[in-house]
Amino acid sequence: MVEDEEINDQISEEEEEKKKNNDSDEEMKDIDEEEEEEEEEEEEEEEEEKEEEEEEEEEETPKKPMPPPQSKAKPSSQPPDIKKASQQSQTQKNTPPPIQTSQSSQSSQSSQSSQQQQPKNISQTQQPKNTPPLQSSQTSQTSQKTPVSSNNGIEKRLMITKMVMENFKSYAGAQEVGPFHKCFSSVVGPNGSGKSNVIDAMLFVFGYRAKQIRLNKISELIHNSENHKNLTNGRVSVHFQEIIDLPGEDNYEVVKGSEFVVTRTAQKTGNNKDGVSKYYLNDKVVKLDDLKTILKDKGIDLDNNRFLILQGEVEQIAMMKPKGVHPGEEGLLEYLEDIIGSKKYLPDIEATSKLIEDIGDKRTSSNNRMKVVEKEKDALQQERDNALEYIDKELKLIHCKSIHYQIGRSKPEREKNEIAAKQEMVEKQLEQELVTQKASNDKLLEFEKNLKQQNKQLDELNKQMAKCKNELLTTEKKGVKYKEETKHLKTKVKKNNSVIEEETKKQAEFERSTIIHKQDIVRFEKEYVELPKELIVEEKKLESMLNSLKGEVTELQREMEEKQKQLLPWSKKHSEAKAVVDLKTSELAVLSKDFNGATQNLDDAIKALEDAKTISSTRKNNITKSKKELESVKAIIVDLEKRLASGKVTEENLYRNTMDAKRQLEQIKTNLSENSSRNTILDRLLKIKESGQISGIHGRLGDLGAIDQKYDVAISTAAFSQMDNIIVETTAAAEACVELLRKENLGRATFMILENLEYQRQNLGPVQTPNNTPRLFDLIKMKDEKKYATAFFTAVGHTLVADTLDEATKIAYGAKRHRVVTLDGSLIDTSGAMSGGGLKPRVGAMNSKLKGDPKEDKKKLIELQDNLSQLDSDLRQCRDELVEIENQIQQAQNRRSELELELPKMDMDIKAAITKCEELTKVIPQLKNKAKLSTEKKEQIDSIKESLIVDQKSLDKVQEKVNKLESEVQEIQNSILNVGGPQLKMQKNKVESLQSRIDSNQTNTTKANVQIKSLAKSMEKSIKILNENTKEKDENEAALAEILEKYKSLEKENLKATEAMEAVSEQLREKEEETKEIRKEHEKAKKVIEKIKVSNSKLETQIEEFKTLINEKQAEIADCLSKFANQAKKAKIYKDYVDESLINQVSAILTPEEIEQYMEATEQQNLIAKIHELTTQIQKISKENNVNIEVVKDFQKKEQEYHSRKAEFDEIEKERDNLSKRYESLRKNRLDEFMAGFTIITMKLKEIYQMITLGGDAELEIIDREDPFQEGISFSVRPPKKSWKNISNLSGGEKTLSSLALVFALHHYKPNALYVMDEIDAALDFKNVSIIANYIKERTKNAQFIIISLRNYMFELADRLVGIYKTDNCTKSVTINPNSFTSLSTTTTTTNNSQQQQQQKQQQKQQQQNSTSQK
């Protein structure tokens, strides 16, 4: 009720209507309450049955957990109605959610509930019992479109399954609307949510412009909201399918393969601010016209879209005028006639009416012209009779002359036949030669084809060779790189091995020396222990010996002891000084060795670094130069290749020009040969003219004019022999020339006498030709047009020139026959005979410029010979240059390959040098550090040297003192020894020897310990060097192994590339040999063809000579025939004045037998005498009477014009009668067809209006009963309990009902598969809304209705509810199957009733308690 009141406020109805609506609402409430009570009982029974079925299903399938109830504080994103339904559904544990239920699950429920949900007021309407359902409308109307039927007779129809909107208007993203029901779907939702955008989306898909959808530009249709800004495209897709209805509300069968999708897109572009749009059918782009045609075949007419009723349009249907006032305006008459189909006759009726008016005017005009011509004809009768007598004499003279000229052609005709027989023999020989030439040409073409194919294959092989070379070059570059890396690594490994070997030897030597020194120390220590003992023994012996000589040597011993006491401290000092000097000498030797090695290594590294930098710099300079040279070589190759390609084109052009020059030369030679005899006669006659013997000779006809080179073949074909005619002024001059030729036996010639050709001057004026085709005569440029025009016209006549044979055929075989020649030499005569198409067309009959020198052809021949010689020379020179260029290209390519190989090598050298520099740069600081340490050692060495010098000086001083004391002791000892004899000396030597050995052992032990320490340090250094080199060697060997593995793989690739290149090279060599052989054969074939051409040229020359002779004989015959033809032409002058059979008789061609009759001299004399007699009579008649033969022609014209006018008048009369009959027939067919459909629609309108208004009446009435199409159709209705009213006087709701009744009646007459309506119930009260909804529900099963409505009485009866709601300024959709809520509503009602009963009981108890307390 709230929604009804809001709608009534919006449409602003009158207060009385509002009261009626409120009363009717209350009545509907009562009816609804009664219906609910009955339905509750039925639903309880159904609920019990459903619960049993659900329990059985639950045993088979697990129960789905229901979602928890929503909190009241949390706002719902669903529209209000949907939210209520979802809350109710949560109260039923075993009821599945109803949103978007499948059609298959609803089929059984919808069929059971469809009858139970029908309101009672619908069953109580005044509907006739025998009214057939809407889908059983008459199909006998020929103009009615019925649903498409399948092969077995079952009707199928189109339906919309769903719509998908993406970024369209209020729909953001891809939003699916549907699925729609096959019959009745309703779109519901609050105002502003985007319901009407559903219809706007359909209008958009069906081709409506943006302004028709309430916007200005296509780009404005794209969605734009706060959360979805700057979208660039939108689209709408409508999904269709064809179905076959099955029993049950939801049951149908989809026609296999009938599904299709229609899509339209809108897109913003940078260049087009308005946006662009495209149409798609099944994702394929289509044009709108094609889409309209496809949908029209499916039953959707987008041009006359009666299936779309927009918001506010429903009232406009009934408000249409009876008839459109202005052209293109649609009234009710046009609306109905468009649906009935009788509108198809209207264009023919209007066109026929216009034709009848026009032909009436033509009839009156034709009758007047016929009467005028009849009067003019009668006035010329007498003059016509006088002219016919003159014409009779003239025709008899023509007849005699015709016989005379036919007799004169007999002799040359026989001679011509003999020459023709010889010509035929030569032509047969030429034909055989041509066959041979054709075979040779075919063979040459085959060679050329093979040569072209070979060249193509050679190019392909050359490409393969270049590819192989590039691959090989790549592998070679890699190989050079790997070789350099291998070489570098091997050098490093070799160096490592050398160092390792050296250090290993050093370590072995160190170990051996250490062992020896240790052994020496052990031996020295052992001797050091044993020798003193032995010394004591020997000293005791010596002492004993001395004691025995004590008396003799006492003084000497005392002196010696004194000296030895002096010597003892000095000996100790000497030993100490000597030990210090020896130790410092050993340390000095070790330190000097390390210092010299470090310095030498640093110097070597610095020198190697300088060398590496020098190599890198040198290689960089070389690589820069090589790269520049490589780029230069590549540029040279490109330039040479361009020159080679250009040279080949030049060579081909020169070869073609050479061949063309040769052909032109042969042609001119042939022409000169053909014209030799002709030029001889002409030269002789011109000399006679110059000498003054014969006057009036003008020359050869072809030399007296010129024609564009384009028309040379045409003029030569059409009038070759005529162009050789010699033009003379008078008959006397012609006879003199003939006599000269006979005397000098120069041959034959044909002469044209200008004074006898004056009659042709009347034909020189311009004439109208088909398609303005030029006359050959008009294309000739003459030396003196006034003088020679008649001669040229006699030669070519009205011959026309066409570009092609097809054009010539159309002109020649038209309504009037024409003589036509084509540019390529085909000729069609007026008789229909066609000639042409030979090997070579005729040329040279006339020059392109006016001829001044008769020797022009010879000069041209010399020019062509010189040109040909120059071309041959240029061709040879060009070929030599091409060979030279190819050699240069090969040299440049070789140099390029060398440079491409050198560059990687130099690059590797640079990389190796850079690597070495980097290594040395790292090593040198280390060596410098070592050298720095050595410098410290050097200072230590210097210090040791200085100290050693001091110590050595001290040692020398001590040594000097010791030596002196030892010398003195030695002298004393010698003295003692001399006293003691040899034994004492020996013992003394023995003691000294032992003492010396003891001293030596002490010194050697010190040296050995110093050497062992030095060797230990050297061993540590050697081990470190050995470890470093061993590690470096392992790394280098691993890198070397990897490089070698890569190199092996590269060698395989290189081998493959080499083998591939060798294979391609072999193929290339073989292909070049094949090409060489084919070229040889090609040249041979060319030479054979040239020989054949020379032979053919001779035969053609011979044939042309025969033709020339034949032409001469033909010229004689033609002269006679020309004179005979002239007589025929003269006779044809009178063809417009006398009967045509008489003209044919006087110019008839005689048979050979008839000619033989006139061959006798007597017959010829009689014929000549008769000619003179008739000539005299004609001259006499001309002088005596002023005869005007044109009167005969004028009379004939008037007579013909009279008959023509009479026939024209009769034809117009007949045509007028036929048009009148057709006009009446078309009007009758239109009226009959319209009235048949109109009657059905009117009856159905009355029936439907009575039903939906419960007693009202409606009628479509023809305003003019005589002619329904004159004033149109009026629509009158009588609402229930009211009088008849015009539509304009009805209320909004009554207008809506009237329009809907008319729409339903039209649907009955011509069903549409689809109807889309936007708020058609806006102006209706709830009662009428319910009636309309029930009508759509029950009576339109054969169509799909999609209705946008806010009225619950409408959408509650829908088979499918499509909810539209908006959140965040974005429209969304949800689809509900109402039938799935049947059980839900029953359970809810039962629960509510039990709750109410409990509440009533509690209230009663409370009242009883209150009453008790009061008491």
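From the backbone N, Cα and C atoms, a Cβ is placed for every residue, glycine too.
Annotated ATP binding site per Swiss-Prot: G189, P190, N191, G192, S193, G194, K195, S196, in sequence order, evidence recorded as sequence analysis. What Swiss-Prot lists as coiled coil is 361-479, 533-675, 855-1120, 1162-1233, and the listing cites sequence analysis. Residues or ranges marked as compositional bias 'Acidic residues' in Swiss-Prot: 1-16, 24-60. Residues annotated as compositional bias 'Low complexity' in Swiss-Prot: 71-80, 100-150, 1386-1415. Here Swiss-Prot flags 695-812 as domain 'SMC hinge'. The feature region 'Disordered' is assigned by Swiss-Prot to 1-154, 1385-1415.
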Taking the Cβ of N191 (ATP binding site) as reference, which residues of that chain separated by at least 6 in sequence fall under 8 Å from it?
L1350
Mean pLDDT for the coiled coil (855-1120), as a whole number?
76
For the domain 'SMC hinge' (695-812), the DSSP residue counts stand at 69 helix, 18 strand, 31 coil
Suppose the ATP site is G189, P190, N191, G192, S193, G194, K195, S196. Which further residues of the same chain have a Cβ inside 8 angstroms of that site's Cβ centroid?
I1364, Y1365, K1366, T1371
Please list, in sequence order, the residues in the chain of G194 (ATP binding site) that are at least six apart in sequence and whose C-beta is under 8 Å away from its C-beta.
K169, S170, Y171, I1364, K1366, T1371
Using a 10 Å radius around each Cβ and counting other Cβ atoms from all shown chains, which of the binding-site residues G189, P190, G192 yields the largest count?
G189
What is the one among the binding-site residues S193, K195, S196 whose Cβ has the most other Cβ atoms less than or equal to 10 Å away?
K195
